[in-house]
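Database features (TrEMBL):
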type	residues	note
SIGNAL	1-22	signal peptide
DOMAIN	44-265	domain 'Peptidase C14 caspase'
REPEAT	460-493	repeat 'TPR'
REPEAT	494-527	repeat 'TPR'
COILED	503-557	coiled coil
REPEAT	528-561	repeat 'TPR'
REPEAT	562-595	repeat 'TPR'
REPEAT	596-629	repeat 'TPR'
REPEAT	630-663	repeat 'TPR'
REPEAT	664-697	repeat 'TPR'
REPEAT	698-731	repeat 'TPR'
REPEAT	766-799	repeat 'TPR'
REPEAT	800-833	repeat 'TPR'
REPEAT	834-867	repeat 'TPR'
REPEAT	868-901	repeat 'TPR'
Amino acid sequence: MKLQKLLLIFWAFITFTGQIEAQEERGQKVEKANMAPKTVGQTWAVIVGVSQYLHINSLRFAGDDALAFYNFLTSPAGGSVPESNIQLLLNEKATLGQVDRAMGNLLDFVKPNDRVFLYFSGHGDQESRTIAQRGFLLTHDSYSSNYNSTAFAVLYLQDYIATLSTKNHAQILLFLDACRAGKLAGNEIGGVQLMGQQLLKQVANEVKFMACQANELSLEGYQWGGGRGLFSYHLIRGMQGLADTDGDKTVTLRELERYLEDRVTAEAAPNPQNPLLIAADKSLPIVKVDVATLESVRKNVPPPLFAAVQGRGVTQTILEEAETDVKKLYTDFQEAVTNKQLLDVPNAAEGYFERLLAAPSIKDMHPFIKREFAAALLEESSKAFAGLLENKNAPEVTSAYQKNIRYLEKTYLILGKSHFLYPNLRARVSYYKGLIAEPVNVDAALLNFRQALDADSTFAPAYNDAGRILYLKKSYKEAQQVFEKGIQFAPNWSFLHVNYGMALAAQNKRAEAEAAYKKAIELKADDPVVYKNYGNLLSIQNKAEAAEEAYKKAIELKTSDAETYNNYGMLLNTKKRYNEAEIAYRKAIELQPNYATAYSNYGVVMTVQNRPAEAETAFQKSIQLDPNNAQAHFNYGILLVSQNRQAEAENEYKKCIELNPNDAFVYNSYGVLLAAQNRFADAENAYKKYFELNPTNSVVYGNYGNLLARQGRQNEAEAAYRRSIELNANDANVHKNYAILLKNLNRLTEAEIEYKRAIQLNTTDSEVYKNYGMLLSAGNRPEEAEVMYKKAIEFNPNDAYIYNSYGILLAAQNRFAEAEAAYKKSIELNAMNGLVYSNYGNLLSRQNRFEEAETAYKKALGFTPNDANFHNNYGNLLERQNRLSEAEASYKKVIELNPAYFRAYYYIATIKARQKLPFEAVEWLGKALERGYTNFDSISKNPEFDYLREMPEFMALIGRFRNK
């Protein structure tokens with residue numbers, strides 16, 4: 001079965017002069033150029049094959065293809081290149097540092113007229129269409145999230161090729177199999193193809209042989225050599241002699257091109273795969289044919305066995321002429337490097353390294369030693385860096401970061417400023433210094449991150465952490481801009497997108513934040529941090545179901561993250577799923593026993609479940625763990641208010657304000673507390689402070705309106721209610737309270753509109769139905785009022801006040817039995833309400849049930865001894881029973897409590913008239929009239945005044961006030 005892969009092999013970068021000629025048509029007779037080969041020196045090779053990747057999807061046959069090429073070069077068919085002249089890097093040996101070391105070694109190995117084979121088999125990719133169109137060859141330790149810092153850029157390869165060609169004057173043959181299929185960072189933008197286009201660029205008048213066009217796939221499968229790439233398989237067979245179509249024992253570029261076109265194109269069908277050669281002289285001879293090898297290949301049997309040529313490498317030759325102690329130093333150095341004993345340990349490689357560089361007998365070997373040590377240092381420093389790129393927990397600052405700084409500083413000093421890795425290494429040093437500084441001084445950390453970017457403007461980790469610091473400093477816009485810059489250089493690093501989403505969410509750019517989180521999930525679907533933050537965003541958008549799914553996914557991926565359980569508990573609490581919220585908070589506390597925020601939130605869920613003792617314990621624990629947690633003090637204050645522990649609550653609110661003076665919400669709660677204590681001026685100041693911090697909260701304007709209404713500042717109260725409704729027209733409570741204000745202003749039509757709006761917004765609020773019923777009752781609409789009272793009882797059958805109001809309505813309709821039942825129900829629910837007893841007494845008095853009425857009035861006065869109305873009603877009862885002295889005493893108590901209560905004066909005047917005390921009667925009637933009594937009709941019809949009407953004093957009094 002054929003499997004598709006993207007395969008791009010660039011073959012034979014050979015330096016020569018001349019123009020690139022067009023490809024010849026198939027079938028045209030090939031006239032070979034002069035076959036006399038140029039005089040060449042030694043042959044060198046760097047062969048890299050990566051099938052196994054640490055952080056990227058692995059390949060199947062890349063290593064096998066590279067090894068096959070190595071075997072070809074060391075065979076007679078490949079020229080029997082000595083093993084000492086070949087640097088073979090397979091899988092875990094093919095790190096960024098080692099590949100760069102091998103390429104750097106060539107600069108010192110290669111002499112004029114030497115031939116260099118470069119072979120790379122593995123992944124190639126490009127992250128973005130921008131960033132100067134940089135393509136990358138992916139080494140064993142590359143990260144798809146950060147090619148700029150971890151992969152070998154095509155630009156670096158081109159620099160090496162240009163140097164070898166122009167300064168070393170070498171012939172270079174480059175084989176690149178770097179476009180294999182797989183899930184890579186640049187898949188969405190055609191990164192493999194874009195990388196291929198980068199490799200097409202000429203840097204030194206090269207020859208390039210491509211396995212297929214940039215937009216084609218190259219095949220691989222087991223049918224080719226038991227597991228090879230189609231192009232690589234036929235490439236080697238062609239070079240072994242099958243491409244020698246004219247039988248002259250030499251294979252030219254043109255012959256190899258035709259051979260590959262015939263074999264590859266045909267065997268790839270129906271998939272398009274068309275090898276492409278770009279060369280100035282296609283008649284150039286590449287290899288001489290080994291007859292024995294060719295015969296074996298034609299018979300499809302293994303080539304004859306041969307002994308590889310060992311040879312002596314450059315370094316070996318130099319070392320053999322050195323002193324014995326220098327040889328021992330080099331052996332110890334290599335052993336220390338192999339054992340990763342590089343710096344700051346006994347027998348560290350650094351000590352041997354410095355002594356070797358001081359040995360003049362191996363001066364020509366110094367560049368190789370430098371690159372060997374630099375590669376080892378870079379590999380070790382990359383391990384901690386890997387954890388950061390993988391979004392894992394950071395290592396201990398005092399160990400890994402400090403050690404990495406030492407490794408990196410040593411590396412860039414060895415390589416020098418001209419090396420392409422120098423800016424990146426300097427950036428990493430500043431970056432680690434920033435991580436170390438952050439726990440102590442975030443400003444110093446931010447400065448270090450910015451210095452990292454000064455060193456290397458493409459270093460994405462510094463953008464990430466600089467943005468993170470700015471986010472923590474609440475500079476959200478600037479953080480957003482920094483994250484956006486980082487994403488340009490590492491568009492596939494999920495962590496950048498997570499943090500970018502947080503910066504957007506903090507600015508209420510929720511749609512953009514959601515897109516950022518979704519991108520992060522797309523890039524790294526197993527990252528619990530992404531789902532946690534995504535859940536947070538969805539939660540504040542009231543997308544409860546989606547938020548819950550995100551939190552559950554985060555927990556599934558990481559069951560030990562206390563913060564996720566805490567945030568999930570907050571979501572469950574808002575959905576009133578208190579038992580589940582409690583479980584989530586308990587889990588958070590179990591995982592992190594010193595988690596102050598979780599204790600505070602646990603206290604909240606205990607409060608709403610009416611478990612005050614547990615709530616108080618939780619709040620106190622939270623404050624003990626973090627005395628500066630303003631939210632815990634605020635929540636504790638809410639609990640204390642619910643227990644009427646107002647002084648303690650005030651202390652908690654004040655502490656919250658001290659810790660976080662810009663938290664608007666505490667001023668609202670503090671204002672409510674102060675208003676409940678009739679500390680109106682203080683409450684008003686609290687509300688005004690809230691408005692200063694947040695002028696757009698409708699609830700607080702509603703509370704402010706309530707405060708103003710209680711002070712009789714009705715115009716200001718109305719303005720506050722209107723502002724609240726302007727900000728949020730759907731707050732039923734505000735419409736209800738505004739309706740009460742309008743009723744008190746006798747604007748009954750407007751009040752009714754507001755009651756109806758409140759009911760429309762909240763059909764289950766018994767308070768609205770009760771107040772609306774009172775309005776209807778006062779408007780003499782008893783049937784409608786009764787409907788409202790019944791609705792109020794339906795939604796709150798335990799509200800004693802509803803039954804009292806309902807009893808008044810029934811009594812007004814002379815439905816005495818029903819009214820009595822209503823009053824009794826009210827008393828059953830609240831046996832300490834003087835108003836209900838007084839109303840019940842009125843009902844009983846109307847039925848001449850004087851003894852029961854007196855008992856009710858005495859109950860009312862027992863609970864509310866200073867209510868003038870209650871004393872007045874009791875006086876009426878006593879007067880009706882001719883208990884005139886007691887009645888007079890009750891009326892005088894009314895006057896004591898409320899000197900403006902004119903009816904009490906009138907009632908005493910009546911008693912005096914009944915007692916045949918005419919002058920006192922006229923005197924008390926005058927007091928009533930002086931205080932506003934104007935019911936002259938009652939005076940004219942009062943039979944007790946009949947004998948007084950002829951008195952001059954009576955007539956003068958009535959005449960004087962009637963004229964007024």
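Backbone N, Cα and C define each Cβ position, glycine as well.
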Can you tell me which parts of the same chain pack against the repeat 'TPR' (664-697), counting only residues 6+ beyond its ends and a CB-CB cutoff under 8 A?
630, 634, 637-638, 641, 646, 649-650, 653-654, 656-657, 703-704, 706-707, 710-711, 727
Sequence-remote contacts (6 or more beyond its ends) of the repeat 'TPR' (562-595), Cβ cut-off under 8 Å?
528, 532, 535-536, 539, 544, 547-548, 551-552, 554-555, 601-602, 604-606, 608-609, 625
Under DSSP, the repeat 'TPR' (562-595) has how many residues in helix, strand and coil?
27 helix, 0 strand, 7 coil
Non-local residues, at least 6 beyond the ends, that sit with Cβ under 8 Å of the repeat 'TPR' (834-867):
800, 803-804, 807-808, 811, 816, 819-820, 823-824, 826-827, 873-874, 876-877, 880-881, 897
How do the residues of the repeat 'TPR' (596-629) split into helix, strand and coil according to DSSP?
27 helix, 0 strand, 7 coil
Over the span of the coiled coil (503-557), how high is the average pLDDT in this prediction?
94
